[in-house]
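Copied over from TrEMBL:
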TRANSMEM  18-36  transmembrane segment
TRANSMEM  68-88  transmembrane segment
TRANSMEM  109-137  transmembrane segment
TRANSMEM  157-176  transmembrane segment
TRANSMEM  188-208  transmembrane segment
TRANSMEM  250-268  transmembrane segment
TRANSMEM  288-309  transmembrane segment
Amino acid sequence: MNLKKLYNKTLVKKDMKLVMWLIVIATVVLFIDLPMRNISYLGDLKYASEGMNTSNMWEIKRAVNRESFLQIFMNVVLALSLGAILIGEEKRKKTLDILWHMPYSKAQIYFNKILVGLISIITPFLINSLIMILMSIGIKEIGAIYTPDVMIETLGLNIYITILIFMFSVLIGSVSGNSISQSVITPIFMALPLGLLVLVFGNLDAWGFGIGMPLEDSPIGIFAQYTSMVMYLLPFDAYDTLPGDVTTRLICAGVYIIGFGTIAYKCFKNTNMDRNGEVLAFKSLDRVLLYGVTICSMLLLGLLLDAMLTFGKLGMITGYAVGACSGYKLTDHFINVSGAKN
């Protein structure tokens, strides 16, 4: 496939206008989490006590090692927002319908959206990481806390993981019919299959089977951890308590990125334009979503009522009934309403 033929300046400009505000916000948020910590630390060197300096130094070390909440939060929010804006929102507004009738191939439209997404991910992290690296080189007090290679490693990991979540969001967006359903479904599927495993074994344990949660020492638990996107958001230190090593997980992430991108393109290319704006872009998936939500709602509400109330097994059975009924009815309602509006 010729990349020069796929690249289209007009399409890139159009999509960049859609996400420019998001790039600015992400850059500002990351500035607060990274360079601003250095600036605060330098100010405290003059006025604060030694204990305060140590505390601030610890916060900087946490940030450069990608252990801060804001960076992980931005990995998720930036990736999901980009996917929803570039894919789901374009479907909801029927913009894709117009583009597909213009002299652009579907491959061109898809490629340039991915390109804009990658630029939008790299830019905020790169700008702030460069500032951090320059500060560590030019200011000895900062250089004593971390070295440029640590920041480069964090930069690479932040970009890599955000791209993984972005491509997963693009995949969900390619089978969704609008940005709302994409934004709701993507976080749910990020927790699968680990979340489903926890629900199933949690319910079995509540019924007294005493099987335990097979997360670390069983093939099904290891498989669930390697295939659940939410696990890839963890900082490096967390991998010490998980099966496998960092290298294996990063290789898996690379395979997922390629796989998600390929499958997403196939779905994007075969999307039925008549279903743009509905919950799902493929009618055959409506029942899958309906029964999936029903089962998960049933298992979740059963556990919640068992934990909150003292009705014993009667409470769990009630939770199953209410969860299944409400999950089915709500999902069926949204599918039918979106279809009627469309």
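Each Cβ is built from the backbone N, Cα and C atoms, and glycine gets one as well.
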Selection from 18-36, 109-137, 157-176, 188-208, 288-309, the stretch that has most Cβ pairs under 8 A to the transmembrane segment (250-268): 157-176
Contact yes or no, the transmembrane segment (157-176) and the transmembrane segment (288-309), 3+ Cβ pairs under 8 Å, gap 6+: no
Other parts of the chain folded back onto the transmembrane segment (288-309), taken as Cβ under 8 Å at six or more residues beyond its ends: 185, 188, 195-196, 199-200, 202-203, 206, 279-280, 315-320, 322-324, 326-328, 330-332, 335
Same-chain residues at least 6 beyond the ends of the transmembrane segment (109-137) whose Cβ lies under 8 Å from its Cβ atoms: 3, 6-8, 11-12, 15-16, 19, 22-23, 26-27, 29-31, 33-35, 38, 64, 74, 78-79, 82-83, 86-87, 96, 99-100, 143, 145-148, 151-152, 154-155, 158-159, 162-163, 166-167, 170, 261, 264-265, 268-269
